[in-house]
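Structure, as structure tokens:
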Amino acid sequence: MRDRRISVALLLPSLVGIILFLIFPVVQLVLPVIFGVKSNETYFSFLKATYNQQIIFRTIGIAFVTTLGLLVLAFPFAFWIAHQRVKVRKLLSLVILFPMLTNAVVRNFAWILILGRNGLVNTLLMDLHIVNQPVRILYTNTAIVIGLIYLFFPVMVTMLIDSIVSLDQSIDEAAAMSGAGPLTRFFKITLPQLTTSLLTGSILVFAGAMTAYTTPQLLGGNSSLVLSTLLYQQSMTLGDWRAASIVALTLILIALASLSITKVITKRISGGNEV
Amino acid sequence: MRQKKHWLLTLYGYLMLLLLLLPLVLVVVTSFGSQAAITFPIKGFTLKWYANILSQPDFVTGFKTSFAVAVTASFLAIVIGTPAVYALTRRGIHHANWFQTVFLSPTLIPEIVIGFALFQSLVIGIKLPLMPVLITGHFLLSVPYVIRMLTARLLLFDQTIEEASWLSGASKIKTFFRVVIPNISGTLLAIFIMCFINSFNNIPITLFLNGPSLTMLPTAILNYLQNNYDPTVSAVSVILMLLTGLMMWLMERMNGLTHVNEHLNQKGQK
């Protein structure tokens, strides 16, 4: 059984590291919320508070609008890139990755410059005499949505490009020869083949938007709190760890739920042949 | 696949590309403006904000610490993760899927939650100093990159080369270090860079685990931004963008960005 011992030795360090330093702390965090004294009561009273409800609905709303916006904006863009020559496509993929790999502070600072009180948008609006006073865009839900769309645009586009490139062209040609017009072909042939990546991309982005921290912190601030910024505020500013743990559990549940949905979708569409 | 391109689509493509880069260009432009308040259009031309970076002790020490933490965490993740990936791809482990899920679990839990959990149980709970916990947090962030990018590489790597080495009398350990590692060194370097970028840029975990004695660059900029709104932030942003550009260039030379795309794709499927 020497062989088996070697396998264990190779796997053990990573396994122990993750169980000890990730799974254990997270379990320690959520267990009191689930099984603690009067835990149900605290959880429900948390959910019942109008203030918290507002934040939960705001978080869901922002994630939903972000996902919808991304679908509309990224889909044609991915199509455009997918139809370029291979070299150009590679170069463009690099270019769109750049903002995502740039530090979140930099990315969001750029949007503060654009959306702020004396920012680019307000300067333009006032110079053109469209408004007399600066419009408040920064520290609103709109600013968060814009920042999140900017953050996840490369993710969505990258996910779509690959499946657009690998579309089976012969089906489209067959449909064309059978007399189907371009619109019919798009909705009846192309779109169904892209359903999986559109759905998985949407869920990925939705979950990401619900749990992202830096973007809502910098563009929403304290006047537009979402769950992740509420977690930080409750734990580090207000010192209410119980409330923070409840928010943490909620965020974990959101992440796990979206993962399970993605798994079910990929399984169903690929006919149970999921790798 | 190529079709007749529609001019409207082309126009849209260029417009989005412009929108994607415009915010970053704006940061670069504002870093040269001579006025302390950032207004549009900028007035004058100066490099004093770049000099001002160096007079902010938090930025200088923050850069050093962030750099050191990122290097340590990425290195740890590769050293600890590589054997695990090797075992999973080569040794026919039972329940390999289960192990994969555990190794990828840092991507399943929101970063802000990881930060809070580590702070609560390791810093407050068992009173560990901040630095090792911070490195642990960044190590956790890096492990999934090692697992995903290296699994993809090792599955492509021809196993018969290893068998040839074994048959020629080399031990399995010797084969691993003399045959496997040299063949995947490009990928390892690409993984290292990816982990480095991710760790160096991280905010949610870092925010819980830094303190007066432990300054990290992104959180130092965040703090500065809370009290000041001057082009120093633009200048330091430009430096960070140059760093990102350099890293991407290095990674492209390793052909590693294809792996990044793969990573993004798998994120949605696993």
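Heads up, the Cβ atoms here are built off N, Cα and C, so glycines get one too.
No curator has checked TrEMBL annotations; they are predicted automatically.
According to TrEMBL, the feature transmembrane segment maps to residues B:176-199, out of the candidate ranges B:8-31, B:176-199.
When Cβ-Cβ distances below 8 Å are used as the criterion, the transmembrane segment (B:232-251) is approached by residues 24, 27-28, 30-31, 38, 49-50, 52-53, 56, 59, 189-190, 193-194, 196-197, 200, 221, 224-225, 257, 260 of the same chain, each at least six residues removed from its ends.
For the transmembrane segment (B:205-225), the most Cβ-contacting stretch among B:67-89, B:101-124, B:130-156, B:176-199 is B:130-156 (pairs under 8 Å). For the transmembrane segment (B:67-89), the partner stretch with the most Cβ pairs below 8 Å, chosen from B:101-124, B:130-156, B:176-199, is B:130-156.
Counting residues 6+ beyond its ends, the transmembrane segment (B:130-156) has Cβ neighbours under 8 Å at 69-70, 72-74, 76-78, 80-82, 84-86, 88-90, 100, 103-104, 106-107, 111, 114-115, 118-119, 122-123, 184, 187-188, 190-191, 194-195, 198-199, 202, 205-206, 209-211, 213-214, 216, 256, 259-260, 262-263, 266 in the same chain.
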